[in-house]
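What Swiss-Prot records for this protein:
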BINDING   Arg46, Tyr180, Lys186, Arg306  substrate binding site
BINDING   Lys186, His205, Gly221, Leu222, Ser223, Gly224, Thr225, Gly226, Lys227, Thr228, Thr229, Glu270, Arg306, Thr433  ATP binding site
BINDING   Lys186, His205, Asp242  Mn(2+) binding site
Amino acid sequence: MEQIAARVTYINLSPDELIQHAVKNGEGVLSSTGALAVTTGKRTGRSPKDRFIVKDEQTADQVAWGNINQPVEQRTFDQLWERALRYLSERAVYISHLQVGADDNYFLPLKVVTEFAWHNLFACDLFIRPSGDHANGKPSWVILSAPGLKTDPERDGVNSDGAVMINLSQRRVLLVGMPYAGEMKKAMFSVLNYLLPPHDVLPMHCAANAGQSGDVALFFGLSGTGKTTLSADPHRFLIGDDEHGWSATSVFNFEGGCYAKCIDLSQEREPMIWNAIRHGAIMENVVLDENGVPDYADARLTQNSRAAYPREHIPLRVENNRGRPPDAVLFLTCDLDGVLPPVALLTKEQAAYYFLSGYTALVGSTEVGSVKGVTSTFSTCFGAPFFPRPPTVYAELLMKRIEATGCQVYLVNTGWTGGAYGEGGERFSIPTTRAIVNAVLSGKLKEGPTEVLSGFNLTIPKSALGVDDHLLNPRKTWEDVSAYDARAQRLIQKFRENFEKFKVPAAIREAGPSDVH
């Protein structure tokens, strides 16, 4: 285990103690909700251009290197790691012994070493606090977080004044100049996404919940498409809101908490999230008024304001943080063109096609430097920034799991209909999407009459309880059908161009869209 020398070392403090330290250190203030409110300066989201993976003998042929998985040499990593250790040796540091992964076979022990008390609280909220000594002889991973230390691109071989470096061979994650806490959780997500496929576990960027009878649903999607909102269901039990593994026998959470977007949060629309933001939680870049009351509609600091809280703040939760293999899988896509249906039933080949495509929108992007507003994107596996291996590795595992369980996969559009974004279209309301999700989870949607949507070749229901029938076929929601056809053809062409890069069996390629008739 890595030995950390520091001026003062605080080990395994309670959340209350970490909050006291954070306030005393001037890292944040207590809000009217009781949650700790912090700001992160210019870095209010992930910094994908500053994320690196050490390229060595073990990883050279296993990682899909490129703009997302940028290589860095072992020597460069070692030098920066040593610099971070020297920097922290002159300061008080906070250390917590945690774990990622709620499955006894696949969890990783994790030692989190942070300069900021609130970063350690974040780790305690988001990762899993083990009961007793649960390491089972497994070697521990180490996160080293030094946000006050800045990098020099010329000296340190990086791109800016901050860097995230993942060393898969040495079980180390280094964060320098990175005050945005989400970098810690996404770094460990990337680690699990690399480690688990060889163990026949599909890692997923998805939320998961369970019904009264134990039936499990998965919600895949990029940030802002509805994973956290739709999985926080008042009639179901939450497993997790963001990162899970699907083994031959179960679905299990990687985390022990939630990291919810706060922009425009309302008690009426999202009561479970609203009520979870209390003492023990963290509000990141949420604007407070002079009385410490959060204004969730104020995007002055960022569109990507966040709340981190432990699962224990959600009353309806699955206690052991895992469930059986899923009965329903939902791909949440936010279609800006307004041409996709609110729900479609996918074959396993279509599931692989849309999983690899990952078509959606960047809604209030989580990335630093992103264009304000909304733009469409193709994000492989509904989470391209977090998957180190080639995308087909994950797609093949997904198809294997679908075949083994027979679970139904659905494409659910949480975006626009009746026209494109900014061109007369309207976004599906949360109540409409919830009604669709309820129809999916009841099992009734797949039993009713269906039709095929031309061009996309998607099987869509003719009726769904609680949803206006005319909304189910997007072609019928446009006043000008020829305008719909033209817009649909444009999106179909984008799908085809994006898919050219994948080497897949013909059955998967042919499951994609064809020309509009």
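The backbone N, Cα and C atoms fix where each Cβ goes, glycine too.
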* For His205 (Mn(2+) binding site), which of these binding-site residues sit within 10 Å, Cα to Cα: Tyr180, Gly221, Arg306? -> Gly221
* Select the closest residue to Lys186 (substrate binding site) from the following binding-site residues, measuring between CA atoms: Gly221, Ser223, Thr225, Lys227, Asp242. => Asp242
* Quick one: Cα separation, Ser223 (ATP binding site) versus Arg46 (substrate binding site), in Å? -> 12
* **Residues near Gly221 (ATP binding site) in space but at least six apart in sequence (CB under 8 A)** => His205, Cys206, Lys227, Phe331, Leu332, Thr333, Cys334, Thr360, Phe382, Thr414
* **Recorded substrate site residues Arg46, Tyr180, Lys186, Arg306, farthest C-alpha pair in Å** => 14
* Asked: Roughly how many angstrom lie between the C-alpha atoms of Thr225 (ATP binding site) and Arg46 (substrate binding site)?
  -> 17
* To do: Using DSSP reduced to three states, classify Ser223 (ATP binding site) as helix, strand or coil.
  => coil
* Structure fact -> Thr229 (ATP binding site) has its Cβ surrounded, within 10 angstroms, by a count of other Cβ atoms equal to 24
* List the other residues in this chain whose Cβ sits within 8 Å of the Cβ centroid of the Mn(2+) site residues Lys186, His205, Asp242, in sequence order. => Lys185, Phe189, Glu243, Gly383, Phe386
* **Number of other Cβ atoms within 10 Å of the Cβ of Lys186 (substrate binding site) across all protein chains** => 24
* Spatial separation of Tyr180 (substrate binding site) from Thr229 (ATP binding site) - C-alpha basis, Å -> 22
